[in-house]
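K.L.:
Structure below; questions to follow.
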Number of protein chains: 2
Amino acid sequence: MSLSFEQNFKLGILGGGQLGRMLIQSGIDFNIPFATLDPDEHAPCASLAEFHHGKLTDYDTVMKFGSACDVITIEIENVNTAALKALARAGKKVFPQPDVIELIQDKRTQKIFYRDYDIPTAPFILVENAADVKKNKNFLPAVNKLGREGYDGRGVQILRTLDDLDKAFDAPGLLEELVDFEKEISVIVARNERGEITTFPVVEMVFHPVHNLVEYLFAPAQLNKTIVHEAETIARKIVHELKMVGLLAVEMFVTKKGKVLVNEVAPRPHNSGHQTIEANITSQYEQHLRAILNLPLGDTTLIQPSAMVNLLGEAGHTGLAKYAGLEDVLKLPGVHVHLYGKRFTKPFRKMGHVTIMDGDVERLKKKVSFVKQTLKVVA
Amino acid sequence: MSLSFEQNFKLGILGGGQLGRMLIQSGIDFNIPFATLDPDEHAPCASLAEFHHGKLTDYDTVMKFGSACDVITIEIENVNTAALKALARAGKKVFPQPDVIELIQDKRTQKIFYRDYDIPTAPFILVENAADVKKNKNFLPAVNKLGREGYDGRGVQILRTLDDLDKAFDAPGLLEELVDFEKEISVIVARNERGEITTFPVVEMVFHPVHNLVEYLFAPAQLNKTIVHEAETIARKIVHELKMVGLLAVEMFVTKKGKVLVNEVAPRPHNSGHQTIEANITSQYEQHLRAILNLPLGDTTLIQPSAMVNLLGEAGHTGLAKYAGLEDVLKLPGVHVHLYGKRFTKPFRKMGHVTIMDGDVERLKKKVSFVKQTLKVVA
């Protein structure tokens, strides 16, 4: 038996950011030739593989790019799905499938999907505009989400009081019951064309005790077995019902009463799986490649407890990026630094991440604090 | 503190083979811009970074290539050291240093170095030509080695009987006492500019019981502590006395009497360190980058027992490479496949390698057998 991607093959990625970059880095092992498309000519992937400069949301641009590829995947959801559907009809392999991307692009259809398939999620109501939100004041406190184009915190806001109603989004979206959660967790699940499904161990986001910000990820999640099992079952069910091919990151809440509720999903490699590069036998990137190339899915076993710290642009610094404290962090045993190759930093821009491995969980947490206090992206 | 390689920097690699390829793959994490030089326009590095097509032994070619780089390193020893010396004089960082490369290029100067520095190695005599070899028939059985340009088994032969003397190399070389060894082992050691030295755990080459061929590598080596300590001490001593900067692979014999003797060294990433990509906290590739960029050396801890199987072109097959059995191997838990991107296979060409990790050593050995029997590079 031999594989089709060995000679004269091209895998196209819509998006040329850090997720695409780590996908390419992993694909070197399988000798996969890549092409990427991105609107930023200095995108992290630009120097690593064949690069095309253009808009991901433009039909003709995506058609032209995809026509020269054998398999097409994404590293960002905001892409032209009409072009992807036409490419799929023309015989290209497009994974995740365009209809899955479309369903996930809109938080409204995502929530309807959860409801239709009995997947636990916070109660919600659809709203068409700001007036609609105001009609539902009895639903407060709630999260007001835009249906489309909201990500990395944009297009999401909490409405607690009647005064907050004045800032309601004036576009199709939804109101979701505010979840009183104990923890935020994530399960990355993969499915290949032949229907095999594998999950990565549950990851836990640890929050800052004062500011309500994710400080770092921790694997494995410190949860009881029942909750772990429930989270994995939910992730499997979603990817099975979607019949999608590729990787799906399922972000979930664990409520104070121990219930697991789906927050949202992303059909691609995800920030909550960066640490799998070092900490698991198969990384999320290799798993995505295995899934979309219809290879057997890899062993997701966690080798050692690990943590992942996002390296964000320091507040007050905009310009050519410098990495202060890098040497001190590199001295620390068990640390892996990943820089994304972004020339310019700006406040809170994702510039890289640090994975830390340590068999001793308490020491691991101390190292997380050290990395967060020491390594700064400045201009 | 910030580092000099962040902006407008270029790291040049002489050689564009699989070692360069894995060095580039690792360097993506530090966002290092690479350039490579290789005489083969389809070299494994050609599609991964800035690529220059040219001879590594040509003074002008190496000068021109190196002049556009900030730091220059090698992934093969057979390079023009006169050009590297001129580049070093002109202020470029050249690691390993040209005089170290020169010393190691010639097996005669290598052996003299061991003798001068009291580093245990098999007794030897220098010979200038075939007539010289024949004069030393009382030294048989011996290994006859060419001084220069012998590697991967070329330029090395065993002379057991008087009849064998007829095939003696007719060029400057040496005769080395044939070592009755129990095991062949390797220690990879790194030294940075500030003189820090770190060793990787000792690796053992396991030989085929019938044919005298390395079947696979095994880490950690199954040796008693005294021998492990002796091997590490020798590796540290060599790199310290050479005052070299970069990675040095030290191949050694363990004799049946438990003595450790140096066989030969290579001043670069090495076949005996491939498994460090997955099995150790820091890989040999990242360690080489840390060393030559004068960063703190990384943690070399072995995370799990591991083995490495070379994927060689199948005998009788020459042409466009195909990987038979790849799917079956990818199904095996704990397996990592690395293909080097060589379009054409030929008998015994190094086409890739497979790293296997398993906490259970017996199961690990079974997996090694399965991989060797299953995965074949054919045309």
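Just so you know, glycine gets a Cβ as well, placed from its N, Cα and C.
Keep in mind it's a predicted model, so treat the numbers as computed, not measured.
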K.L.:
According to TrEMBL, B:Lys145, B:Glu176, B:Glu177, B:Leu178, B:Val179, B:Glu184, B:Asn263, B:Glu264 bind ATP; which one of B:Lys92, B:Lys93, B:Lys107, B:Lys322 is annotated to that same site?
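P.N.:
Record source TrEMBL; matching candidate: B:Lys107.
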K.L.:
Translate the DSSP assignment of B:Glu176 (ATP binding site) into the three-state scheme.
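P.N.:
B:Glu176 (ATP binding site) sits in a strand per DSSP.
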K.L.:
Within 10 Å of the Cβ of B:Glu264 (ATP binding site), how many other Cβ atoms can be counted across all chains shown?
P.N.:
18
K.L.:
What whole-number value in Å do you get for the largest C-alpha pair distance within B:Lys107, B:Lys145, B:Glu176, B:Glu177, B:Leu178, B:Val179, B:Glu184, B:Asn263, B:Glu264, the residues recorded as binding ATP?
P.N.:
18
K.L.:
May I ask which residues of the same chain, at least 6 positions away in sequence, place their Cβ under 8 angstroms from the Cβ of B:Glu176 (ATP binding site)?
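P.N.:
Result: B:Lys111, B:Ala122, B:Pro123, B:Phe124, B:Ala142, B:Val143, B:Lys145.
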K.L.:
If I take every residue in the domain 'ATP-grasp' (B:111-293) and average their pLDDT values, what number comes out?
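P.N.:
Its mean pLDDT is 93.
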K.L.:
Would you mind pulling the DSSP three-state label for B:Glu264 (ATP binding site)?
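P.N.:
Looking at the DSSP assignment, B:Glu264 (ATP binding site) belongs to a strand.
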K.L.:
Using all protein chains shown, find which of the binding-site residues B:Lys107, B:Leu178, B:Glu184 scores highest when you count other CB atoms within 10 A of its CB.
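P.N.:
Within the set of binding-site residues, the most crowded position is B:Lys107.
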